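The compositional bias 'Low complexity' annotation in TrEMBL covers 227-238. Positions annotated as domain 'FAD-binding FR-type' by TrEMBL: 148-326. Marked as region 'Disordered' by TrEMBL: 225-249. Residues or ranges marked as transmembrane segment by TrEMBL: 12-34, 46-66, 78-102, 109-127, 133-152.
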Amino acid sequence: MAYILYRTGAYPVIMAPLIFLFSARNDILLWLTNWSHSTFLVLHRWVARVFTLQAILHSIVSVFAYKESGTYEEQVKMPYWIWGIVGTLAALILTFGSGLFIRNYAYEIFLLKHIAFTVILIVSLWYHCYDLYKFLAGYQIWLMIVCGLWFADRLLRLARVAMVGARRAQVTELTESYVRIDVPGVRWDSEPGKHVYVYFPTLNPLRPWENHPFSVLSTPLLHPPTSQIGSDSQSQSSAGPSEKHPDIEKHGQIKPHIQALQPHYHAAGLTLYVRKSTGVTRHLRANDSLLTFIEGSYPNNSTHELLRCDRLLLISGGIGITGLLPFANNHWNIKLAWSIKESARCLVNDLEGALSGIADKDIRVGSRLDVGQLLADEVEAGWERVGVVVSGPGSLCDDVRAAVAKAARTARTEFELDVEAYSCAVFTVPTSVGQRRRFDCLSITSYIRVLEDLFAVAIYPLPSQEEVEYSTS
């Protein structure tokens, strides 16, 4: 029982840096793995749940162990025991008070509660360990790492905001539910797969620190040149690769057609499309000079493999179109499929300039997309490698995942899938499903288990007999 007692006490402290590292926006693992921040948030939540489970087991085993030794009545009055109870309760509140429902409908309250109880948890862990071992056992080192990670992430966030500086944005109300925000003077390239966090401190002066993630567009992308992407022939992109290279012996000399892509450029402005929600965005109204701070940009999933595909199929639902339009400026052969509600028709009208540059598109207002048929068309066209990018609500993303997995099982075409969903619980990893290659979620579980064993068993030894005697004296 003593073994379980000390192991379940050491594990949570050692796992704490992982919890903070996985939740950080400026996590070095984002660049080392090319995984998205939402993927690491899933790992953050699951490691935190294991942390809480260990704390509960530690508390239960402690009660039985000290009752068996006959010292329970004395131990419960000790400061370390009280701090242990406080820490366990804080962990329970953090875990069970962070459900998807709460995050979706009361995110600001969730965030404040999360920070407050996290501080309580770290303080209680510090004094729980200090009252037991002082600084002999080295538990405080792990807690110092936690504080260092937290402060470093916050400082880097401030540095990113300072790089852009304070801006005055122009807010245009498209309808009662949708607004366009234009931020002039920001130099922005057209590279896809990025997002920013935006602060509107004057909308809610009592909580100026609130910020929200948005997909972002360079403003000139909304007004492209008149030539269309893939406009040398509407059938060129849909007919398949074999029909795009005719036999010279049969046709004689062929005049080459050079299609110029719109180059990468730095634009003095960026544009956000926002659907008003229950948070600070509900206060957005027409405004010619709204104080705005921009933090970013941050990468989503890596787009390297996607941009190397023969064909890109962009599937969007609702306002998710803002995350897909930059791809149209960075690939020579795309098809856009966009489904929106009738109430969001204003987006189609406002994005008319950007959409006019895309030759192959399927825009449906008030009706759903047939995802299976879209993929079947690409397979029938004979493309060897098709990149599928979906951005929209969770239900659409789930449908696309299922359809791509089904198509990959029967077709010779290799698919590269990238998912960007609205849900807080989305788990997005760049996935190649052609030729039966898939991302194995079990590898993450194994990876976490190896880390736990590495830190808690190989590096951190059990307390010595002298430490045990000191803690009970």
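Heads up, the Cβ atoms here are built off N, Cα and C, so glycines get one too.
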May I ask which of the stretches 12-34, 46-66, 78-102, 109-127 has the most CB pairs under 8 A with the transmembrane segment (133-152)? 12-34
List, by number or range, the same-chain residues at least 6 past the transmembrane segment (46-66) whose CB is under 8 A from its CB atoms? 1-2, 4-5, 8-9, 11-12, 15-16, 18-19, 22, 72, 75, 81, 84-85, 87-88, 91-92, 94-95, 448, 452
Which residues of the chain, 6 or more past the ends of the transmembrane segment (109-127), have a CB below 8 A from one of its CBs? 12-13, 16, 79-80, 83-84, 86-87, 90-91, 93-94, 97-98, 102-103, 139-140, 143, 146-147
